[in-house]
Amino acid sequence: MVHSLLFSDLNRPILSMVTAQKHRQNATRRATLEAIAQHGRSTDLEKMMTRKWKVGDVYAPHDLSPAEMKKWRTRVKPSRDPFDVLAINPIHEYKNFSIMSEYITEMGRIKHSRDTGLRPKNQRRIAKAIRRAVGLGLMPSVHKHPELLEMRARMKSHRGLDAIWAPSPSTSRGLPTKLSTDPKGERIAYANNKSIFLRSIDNPSISTQYTGHIAATSVAKFAPSGFYVASGDVSGTVRVWDCVGEGTTKGEYQIISGRINDIAWDGDSQRIIAVGHGKQQHGRCIMYDSGNSVGEIMGHSAEINAVAIRQQRPLRAATAGSDTDLVFYHGAPFKYNTSLRDEHTSSIYGTEFSPDGSSLVSVGSDKRIWLYDGKTGEAKGQIGLGEHKGSIFGVSWAKDSKKFVTASADQAVKVWDVESGKVVQSWRFGEEGIMNIMHHQVGVVWPAGRTDGLIISLNLDGDLNYLAEGKETPIRVIQGNQGNITAISTSGKAETLWTGSYEGRICRWDVSTGLAEKTDGQPHRSRVSGLAITPKSHGDLIYSVGWDDTIRTIDSSANTFTGAATTVGGQPQGIAAVEPAIIIATHKGLELYDSSNEKLNEVTTKYAPTAISSAKVGGETHVAVGGDDNIVRIYVLSAPSTLTLKVSLKPHESPINCLSYSPSPSAYLAVGISSGAILVHNTSNYSIATNRWAAQVGRVTGIAWNPAGTHAASGGLDTHVFVWSLENPGKKIKFANAHKDGVNGVAWIDGGKKVASVGWDATVKVWKVEGLD
């Protein structure tokens, strides 16, 4: 009896364990059956299932199944450094995709040492190897991840942006403008205002805008890999950003305390030298991804205008400055080697190594061209003495290193043969024997990667001239606005877009191609403040007013100014064209002109007009004028020059910035005010039709109605563009952050299917309007 009790006591724990194990097995079996019923497969099969791969996914050899992924995620930190065990240097394995992918996260970032188990020295080496692989394009970086690209593509399509029509490059008289092209010769990079533009060379209507800078930009250079762009601004900041995705910023670095004049990349797309006009220093050498110093720029006593890096090893660099010195550096890290001070007698504006690294060329305001040995920096000699009659602003090599091209203030672009030192082709712009500063050639680039030998030069007026050897004239000229666009209108059933900009230029845009042509003739000398269209059987007439206090007439078919400028009695705030008169609102009152710009009448007002619009309403011609007293007054125009006050609307809560009548016969009047609200009035009695268009949080700067008069688009200083519905006032379409620093105007194009907007960034942007009620 005692024995049996003792036996049962000893076996009780065992029986309990067996029972518990059976319960666990039953629970597991039930969970498995539930999973099979729910998912249609057994979880045990997960170990044999591969991931659903997509093109461009980053993977490692072990990364085959969800089970393996979980196991590797939970593994402990390695206790020994594998590179020490294998006696290999991680830097030498930068081409080994399998090894590199072991030390980056799924998002492309370098893993921390606590995860890799590497000792500090090898951790730095593997980080350098990964950066080298990314820079050379052997591995994708974080912004290249397929999931991120897919997400950003969805965001972009949701925003509705259809096209960016880029402005011309910014230029300054007496200074060079740097141009850069990608390794394939497909895109050109340049600066304008606070943006950097990457523009297709073959189809200039296709462009990308980078808006990361907060100061006016000055230069942009492609990395040799083609994946990144380094850009500088007048505050001394250099930003490195992705140029194949959505413009993700890789790094922002404060280089000097003044303007960045030039930037150069090394052949590995790892190191950057940025130079310019600083106070204590004029340049720095940094790593593109960290900003760590990789040398020192010294030897100059004035601002540095240009920099170049030899693309082959051993690395060499050269800087050229206003102190007439060309300084040669050995690297990396880059160290001062020698100064060449006797070759140039005034500012050096450009220097560049040949693609094969054998030669270096420098040009400057002394009209001299010097050649040097690319490895030692020893001067070889001067060529082309007396060929250029003005300062030489730019130089660029052909891809075969046998020729280079120069651009000069003598309005000429010349191609040189290196071996003979002679000019083999020359182009001169402008009328023969007449000097025109707008034809000064201030920049030039010879795109690599092309087979057609195309050369692109830039003149002071911002025109990009496409040149080809054997052709005496440019094969193409790309034009556009340079300053921020301040006025916009359409003609020819919205098939043509007209823009006026801060520098007084007016451009005609072909909506079907997205390309612009400057209006021929003497432009306004200051900001264009308004454009108005009057249809004619032989072609629309365009009337423009500017802050040079003049009115001009443009023949739209010929795209030329007609007649002389007519001086108005005050600073124009806006213009309206309605038969039989042209009405100009100035800060003093209203002035009426006929189609020949002959003054018909002048109305002095007790208020200062701020906005104007006109339309045919019920057999009458109504002219709406907004004043600085926050009141909109409605006048009736009697032929040909009499204005009679019809009604004054109730004062608004803030100043009136813009007015716009909808097309007849509906004829509504939209009033945009500084608070961001838009009030719509019914013109039958000028009662308020809706006051619910109030989503903008900054001053409303432009309103335009679609051809049917059912919807209106607006833009404001809050940088956004909205599309409003008259039937459903509470519904709207928003295009956020449309223009950097603010929107200045909007217009409907393509039969009311798209909206074109202009702003302080000097661009024209086209938005698809979908889902209108």
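Here the Cβ of each residue, glycine as well, is placed from N, Cα and C on the backbone.
Listed features, source TrEMBL:
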type	residues	note
REPEAT	210-242	repeat 'WD'
REPEAT	341-382	repeat 'WD'
REPEAT	385-426	repeat 'WD'
REPEAT	478-519	repeat 'WD'
REPEAT	693-728	repeat 'WD'
REPEAT	736-773	repeat 'WD'
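Within the chain carrying the repeat 'WD' (693-728), a Cβ under 8 angstroms from the stretch's Cβ atoms is held by residues 488, 494, 657-663, 666-668, 670, 672-674, 676-680, 734-748, 751-752, 755, 757, 759, 767, 769, 772-773, all 6 or more beyond its ends.
Here the repeat 'WD' (478-519) sits against the repeat 'WD' (736-773); at least 3 CB pairs are under 8 Å, leaving out pairs fewer than 6 apart in sequence.
Residue counts for the repeat 'WD' (478-519) under DSSP (helix as H, G, I; strand as E, B; rest coil) come to 0 helix, 24 strand, 18 coil. Summarising model confidence by region, the repeat 'WD' (693-728) averages a pLDDT of 95.
DSSP states for the repeat 'WD' (341-382), grouped as helix (H, G, I), strand (E, B) and coil, give 0 helix, 21 strand, 21 coil.
Taking H, G and I as helix, E and B as strand and the rest as coil, DSSP gives the repeat 'WD' (693-728) the counts 0 helix, 18 strand, 18 coil. Mapped onto DSSP helix, strand and coil, the repeat 'WD' (210-242) counts 0 helix, 19 strand, 14 coil.
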